[in-house]
Amino acid sequence: MQTQLGSAVFPRLLRRSLSYIPSILYSLHSLLNLFHFFRFLSNSSPQSQKHKEMASPFLSNTIISFSSSLSSSSSLPRLAPSIPFSAIRSKSTPRRILTVRSKIREIFMPALSSTMTEGKIVSWVKSEGDVLSKGESVVVVESDKADMDVETFYDGILAAIVVGEGETALVGAAIGVLAETEDEIAEAKAKAASKSGASTPSAPPPAPTPAAASTPAPPKSTPAPAAPTVAEGPRKTVATPYAKKLAKQHKVDIESVVGTGPYGRITPEDIDAAAGLSPSKKNVGLAVVVETKPAAPAKAPAASAAPSSLPPPVPGSTVVPFTTMQSAVSKNMVESLSVPTFRVGYPVTTDALDALYEKVKPKGVTMTALLAKAAAMALAQHPVVNSSCKDGKSFTYNSNINIAVAVAINGGLITPVLQDADKLDLYLLSQKWKELVEKARAKQLQPQEYNSGTFTLSNLGMFGVDRFDAILPPGQGAIMAVGASKPTVVADADGFFSVKNKMLVNVTADHRIIYGADLAAFLQTFSKIVENAESLTL
């Protein structure tokens, strides 16, 4: 019985054991393929590239397959397609080497205000070859309102200066070239030379000197060398914007003018010399040497300039070009003519204001600060007078009351701004005003300190002027002109006469947004505040 049972169980166990053989063989084959695969990866690493030739020929012809030939008829799935090693090797790509090139950057003329179109180089703080750090001052630029330091945004070396001191450049134009390394200085200088339009900066100025020195004897031949000197070596003509403007006014061919500025740049003095108005300083010696006796040719350029639309200069007069600030003032005044304005005058009794001024004067409070405070308090009650119209289609109510006060400085006019004048204490307001005046006279005002005004105050009463009209600044709704306070005989309702101090206030306003009733109500409020001056100290 036991023998029969054993004989029946043994074949069953044998058949079951034999059924596991394909799976075991498949596992062994898969392990072998994985071994060859990882061995191939190790041989293809950069450290073993030189040993590729020593690889086994078996490996080079081996095909990775995750399916067993023994299980082709079984239900075991194929894990991956067959991939030959040769195909994998052929797809290997060489390593890409990345290089970072250093840069040559340009220093541009910045826009220091919303109305600035060009700037003048006052002085270069740094010289060519100096190492610069980010945020360090490089050059001082004169804008239309103030002189400001221009900082660099990058580290590097100041390789070349394109626009020299005393010259002007348009906003956005390159005024200097910055190199990152010393090896790039030569390339940066070449780039600067191309910007200035002269490949050899030192060549143009000395060229006329030998020609003039070699031809003083024949006076008739002196005009001849001038033409070849300009014609030799055709190059791009580079001139300052003001020089181009003068050339058009005097009808001077700018291509025939030899520049005496840096890198051969044509300056306004060169244009005046070419027009025969006033010889440039650098060409004075040349004129003395060449012009031995040709008085008639000297008058020829002046005669050619006569047909200009401008009247000829009066003999003995001196033509002085506008400074940057004067040009900005001229532009603003011309622009204000396009705004329809009207004027309203109002007499204001100042006895209480004068008494308060005598009390607070020892504490450093000025009359200008008192008037600015009074105007700000009145504007808070009449916001339409503090509004502005810029596009002719809408007007803006300004949330801040910023009083701009006109200040005369050397060579121009500027309006420092007392921001939030209605919210400041009188003594703090006066202190800020003194700081603004000092910065204005030193030409160190920041743009937000002179272009953020919403209402302007002009006080000529300190000079004894009894009345005057002010011109409305662009972008504002009104400007108030304050005259001097003078004793005036006044009759009251009962017919009794008395003497009171009165000043006349004239306000010029934009009639597109401010009407007569609005301005009259504002002036009445201003008068009440001045006549009850103690409210200014609250």
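Positions of Cβ are set from backbone N, Cα and C atoms, glycine also.
Quick look at what TrEMBL lists:
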| type | residues | note |
| --- | --- | --- |
| DOMAIN | 104-182 | domain 'Lipoyl-binding' |
| REGION | 189-236 | region 'Disordered' |
| COMPBIAS | 191-201 | compositional bias 'Low complexity' |
| COMPBIAS | 216-226 | compositional bias 'Pro residues' |
| DOMAIN | 238-275 | domain 'Peripheral subunit-binding (PSBD)' |
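DSSP places the residues of the domain 'Peripheral subunit-binding (PSBD)' (238-275) in helix, strand and coil in these numbers: 24 helix, 2 strand, 12 coil.
The average pLDDT computed over the domain 'Lipoyl-binding' (104-182) stands at 79.
Counting residue by residue with DSSP, the domain 'Lipoyl-binding' (104-182) contains 1 helix, 40 strand, 38 coil.
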